[in-house]
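Here is what Swiss-Prot records for this protein:
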- 1-10: compositional bias 'Polar residues' (COMPBIAS)
- 11-29: compositional bias 'Basic and acidic residues' (COMPBIAS)
- Asn209: N-linked glycosylation site (CARBOHYD)
- Asn487: N-linked glycosylation site (CARBOHYD)
- 1-29: region 'Disordered' (REGION)
- 62-82: transmembrane segment (TRANSMEM)
- 99-119: transmembrane segment (TRANSMEM)
- 126-146: transmembrane segment (TRANSMEM)
- 148-168: transmembrane segment (TRANSMEM)
- 187-207: transmembrane segment (TRANSMEM)
- 229-249: transmembrane segment (TRANSMEM)
- 330-350: transmembrane segment (TRANSMEM)
- 379-399: transmembrane segment (TRANSMEM)
- 404-424: transmembrane segment (TRANSMEM)
- 431-451: transmembrane segment (TRANSMEM)
- 466-486: transmembrane segment (TRANSMEM)
- 491-511: transmembrane segment (TRANSMEM)
Amino acid sequence: MDKTASLTSQDAEKHDPDALRKERATDPPDLFEHGALDPVYQAKAHLIASAIQEIGMGKYQWGLFVVAGFGWFSDSVWPLMGSLILSPVVNEFQFNSPFLSLALNAGLLAGAIFWAFGCDIWGRRWSFNLSLLIAGAFGLAAGGTQNFVALACLFAVVGFGVGGNMPVDSAVFLDFVPGSYQYLLTILSIWWSIGQLVASLIAWPLIANFSCPIGSTTCTRADNMGWRYLLFTLGGMTLLLWAIRFFVFPLMESPRFLVGRGRDAEAIAVIQRIAQFNGRPSSLTLEELAMVAEKAAPKDAVATQRRQVLSQSSDFSTDHVKGLFATPKLAWSTSLLIALWGIIGLASTLYNSFLPFLLANRGAEFGDSSYFITYRNQVIIAVLGVPGAFLAGWAVEQPYLGRKGTLAISAGLTGVFLFATTTARSSNALLGWNCGYAFHSNIMYGVLYAISPEVFPAKDRGTGNGLTATATRVFGLIAPVIALYANLSTAVPVYVSGALIIASGAMALLLPYEPRGRASL
């Protein structure tokens, strides 16, 4: 009887609005200092963050963890695809190998600009749902190409779709997750590792068994179907992931985006729907939003009116960019992140895009350059990336590490393992060093993908992600140009990549914001 009474009391307290409001006192503090953001937006965003915190991490957020992870999966699979099919495609079409990577990276650049900047203008939902559809459909079509020009053009369109995944999906996930669970954005990189593993596992038997021998003088379509089967398989898989997103998961528009547009009533409706989906009540009301906005608004009526007009505008303007440079601290943070993404983008693309090619080349020196050995090694390397995501999720929450420390250490070790690959005197030694590289680079990327959207205000988050993604894609375009003039059988690309990544680790320590324990607005 006492136990029943106690449960009834607890249940009543759980649904009592006053009790729920008391929970807000334990919310993580805001990441941004007072005055860094528009005062009206900052007040509203804080209230929205508190409402999401009191709803908690429920069914909706865990479902979003899965479907947002599809973006990480796709962003891993398709750039890797350019390198997985490179050797058999070069054998058949006889072209200069870096041109395929160049086409893909051109598409990735266009996609990063279009989708990331667009999601701050027309909202998150369309960008979130369409990017996978484009990647899957054109990836499937690429498998039927008869020449290199058609393949490169279709790969560019695939890149356009894939380019929007990471900037948009990270913004979407962070917009809905409680502040105390923001570390899950780092763990989302597990999907990136799974993507590499799945692509490598499928490529291994297909490329090894249905390809012309390496170095063959004549290679016909009939003898070289492996890379086509691979594109058909992963294109179809990407379309399946899109269908799950579009038809199964009810993605709602971001309440933080809606508040940033002045659409407060719609934001409240979304919060209530999430609470209902999770089986939790929400105490947030439209009157509360209006009250905090009134208190935070400047006394100057003209300034208030101007702010409302700007918040309701749905056209592109420079305000989203200006918001990322509103204070010296924000400007330094944004500039440093853009530089980090550019440097790491150049280094990683230069190395990752040609890794199977490098493995085959170096394997030839060691007498084991077969497709079977090359793609077996690629699978082993991919497996080692999986535990890195979990270690990254743990490390970013440690008091003496946080996001910045974890990023700096993992980047430094990634560069060290890259340098170590140049000392390999056997295929197994080369494989071992590359496993170390894969493990630490997955930690590095997991943190980098998380800290960037965390330190951008939600109303400008898509634009911020777009700037960093554009930087990494622009520098990614430079990588195949370097490869056109570099000797890929030497260690020069490795030295360049390693030095750049180590330098980026040192730069990470200069970031002014540490999101650990703080709520992003």
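Here the Cβ of each residue, glycine as well, is placed from N, Cα and C on the backbone.
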Inset, instruction - Please check if the transmembrane segment (148-168) comes into contact with the transmembrane segment (466-486), where contact means 3 or more CB pairs closer than 8 Å and the residues in each pair are separated by 6 or more positions. - result: yes
Inset, instruction - May I ask whether the transmembrane segment (187-207) has at least three C-beta pairs under 8 Å with the transmembrane segment (99-119), counting pairs 6 or more apart in sequence? - result: no
Inset, instruction - State the non-local partners of the transmembrane segment (62-82) in its own chain: residues 6+ outside its ends, Cβ under 8 Å from one of its Cβ atoms. - result: 100-101, 104, 108, 128, 131-132, 135, 139, 155, 158-159, 162, 165-166, 168-170, 172-173, 176-177, 184, 188-196, 198-200, 230-231, 234, 238, 241-242, 244-245, 249, 251, 349, 352-353, 449
Legend entry - Sequence-remote partners of the transmembrane segment (431-451) [C-beta within less than 8 Å, at least six residues beyond its ends]: 72, 166, 170, 182-183, 185-189, 192-193, 337, 340-341, 344, 348, 355, 359, 377, 380-382, 384-389, 391-393, 395-396, 403-404, 406-407, 410-411, 413-414, 417-418, 420-421, 423-424, 501, 511, 515
Inset, instruction - Could you give the residue numbers and ranges of same-chain residues that sit at least 6 residues beyond the transmembrane segment (379-399) on either side and whose C-beta is under 8 angstroms from one of its C-beta atoms? - result: 183-184, 186-190, 192-194, 196-197, 199-201, 204, 355, 405-406, 410, 431, 434-443, 446-447, 450, 516
Legend entry - the transmembrane segment (404-424) vs the transmembrane segment (187-207): 3 or more CB pairs under 8 Å: no
Inset, instruction - Let me know how many other Cβ atoms fall within 10 Å of the Cβ of Asn209 (N-linked glycosylation site). - result: 12
Inset, instruction - State the three-class DSSP label for Asn209 (N-linked glycosylation site), counting H, G and I as helix, E and B as strand, and everything else as coil. - result: helix
